[in-house]
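Chemist: Structure in structure tokens, see below.
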């Protein structure tokens, strides 16, 4: 068969096992972080592969690990608690990795084994379903994906006969000049019948310069045994693009982000500048959301219908309500209510909850705070470890002093409270419903409902202080001249 793979969205089948190869060292990444754990659109590379295996509906998912084992296992176990973990032994090679991987499968498993690489993040479940379907319909022993590349350098070439049938995989180092001109390459995605795979792996040796057990040798073993092999090209080579260095990681991130953005645009989201907008795979946006330039919507953030986010805004695992506006803001693990406004230059730290029609304005930092519906923190304030009721107003420059050097304490502000400018609320303290505080007040004691809390002494003007304390200075001379001069017109008003 020489036609391209038809991605037709075959239904899930529980008779599928997936083996994910995540044992490689990834030296070309030049990183302390294992290659398969490098982040891409909010998930590690291997996380994308695990998610695809889950969507495929595989009955068993096996991850083969070796280098930086503990780090990889921690992440895999968190993302896919039911995944089976198998350690590759000292025998290197992809063939050996699969050989140890299938030992985790039940002895009686007779379905299909799909082999994936942990560094191929864009491959989707629809493509795999179609690959498995083609494998079953043709009753193949092995069906593999291929891709046609403008630059196939470094990849194993697919050799076909005159009739277009698959004949072999030839690695670059073994290819003739004519074979090197072939642009169809092995994509490293395979479907085996379980029993055929078990028999084949036992026949693969390590008679090569690297003394490795190569999975690609399985094709030769099956062919010599008279088995059926089919190689199906994918229409979209990005689906099988592997990540080996940071250049490829950036290219994959750009491509995946473009696909994510296009999907949301087709779903009714306005994105003004896709080049400067980044959206993670787990983020969710409703129709009629507007995303302005320079915006990142990360993690499991959700943005409800009619909301506007940006410009220059970062949301991490943050919920934005309907018709809310969030501009030039950094928010993490926050909840922003419907029709609320945030920004510009606001910093919403974890635990911030802003009620419907509330406001967090310019140069405001919040943390672990619940702000009720219609309440406002308009500007230049720090509000931490606090509860603010509904329809209250926090004056400019307010500081909620929540830390005594040892422990954090909470501040409670009731409904319809008006805090004066430059207040310091020293927690723990309560400001009662309907109360006011004077400008510049340092509130250390509870303010009863309906009261006015003040802590600033009455103003006293010390006439002549500048001349007495700073004689001969320009300020003193100017003060004397002003005192001796004509009265200010404003004083007669």
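Every residue gets a Cβ built from N, Cα and C, even glycine.
Quantities reported herein were computed from a predicted structural model and do not represent experimental measurements.
Copying in the features that Swiss-Prot gives for the protein in this structure:
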| type | residues | note |
| --- | --- | --- |
| REGION | 1-246 | region 'Pyrophosphorylase' |
| BINDING | 21-24, 35, 88, 93-94, 117-119, 156, 171, 186, 244, 349, 367, 382, 393 | UDP-N-acetyl-alpha-D-glucosamine binding site |
| BINDING | 119, 244 | Mg(2+) binding site |
| REGION | 247-267 | region 'Linker' |
| REGION | 268-493 | region 'N-acetyltransferase' |
| ACT_SITE | 379 | active site, proton acceptor |
| BINDING | 396, 402, 403, 421, 439 | acetyl-CoA binding site |
| REGION | 470-493 | region 'Disordered' |
Chemist: Quick one: give me the count of other CB atoms within 10 A of the CB of residue 171 (UDP-N-acetyl-alpha-D-glucosamine binding site).
Modeler: 15
Chemist: Using all protein chains shown, find which of the binding-site residues 24, 118 scores highest when you count other CB atoms within 10 A of its CB.
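Modeler: Answer by Cβ density within 10 Å: 118.
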Chemist: Non-local Cβ contacts of residue 93 (UDP-N-acetyl-alpha-D-glucosamine binding site) (under 8 Å, 6 or more apart, same chain)?
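Modeler: Expected: 206, 210, 212, 213, 214, 215.
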Chemist: Between the recorded positions 349, 379, whose Cβ has more other Cβ atoms within 10 Å than any of the rest?
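Modeler: Compared across 349, 379, the most Cβ atoms within 10 Å surround 379.
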Chemist: On the Cα atoms of 396, 402, 403, 421, 439, which are listed as binding acetyl-CoA, what is the maximum pairwise distance in Å?
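Modeler: Largest pairwise Cα separation, rounded: 22 Å.
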Chemist: Per residue, counting other C-beta atoms within 10 angstroms of the C-beta, which of the binding-site residues 21, 396, 439 reaches the highest number?
Modeler: 21
Chemist: Between residue 171 (UDP-N-acetyl-alpha-D-glucosamine binding site) and residue 379 (active site, proton acceptor), how far is it from one CA atom to the other, in Å?
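Modeler: About 64 Å separate the Cα atoms of these two residues.
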Chemist: In the predicted model, what is the mean pLDDT computed over the region 'Linker' (247-267)?
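Modeler: For the region 'Linker' (247-267), the model's average pLDDT rounds to 98.
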Chemist: In whole Å, how far does the CA atom of residue 393 (UDP-N-acetyl-alpha-D-glucosamine binding site) lie from that of residue 244 (Mg(2+) binding site)?
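Modeler: With distance taken Cα to Cα, residue 244 (Mg(2+) binding site) is 54 Å from residue 393 (UDP-N-acetyl-alpha-D-glucosamine binding site).
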Chemist: Under a three-state reading of DSSP, tell me whether residue 393 (UDP-N-acetyl-alpha-D-glucosamine binding site) is helix, strand or coil.
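Modeler: For residue 393 (UDP-N-acetyl-alpha-D-glucosamine binding site) - judged by DSSP and reduced to three states - the answer is strand.
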Chemist: Given the binding-site residues 24, 402, 403, find the one whose Cα is closest in space to the Cα of residue 244 (Mg(2+) binding site).
Modeler: 24
Chemist: Check the binding-site residues 244, 393, 402, 421 for other C-beta atoms within 10 angstroms of each C-beta and report the one with the most.
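Modeler: Result for the most crowded candidate: 402.
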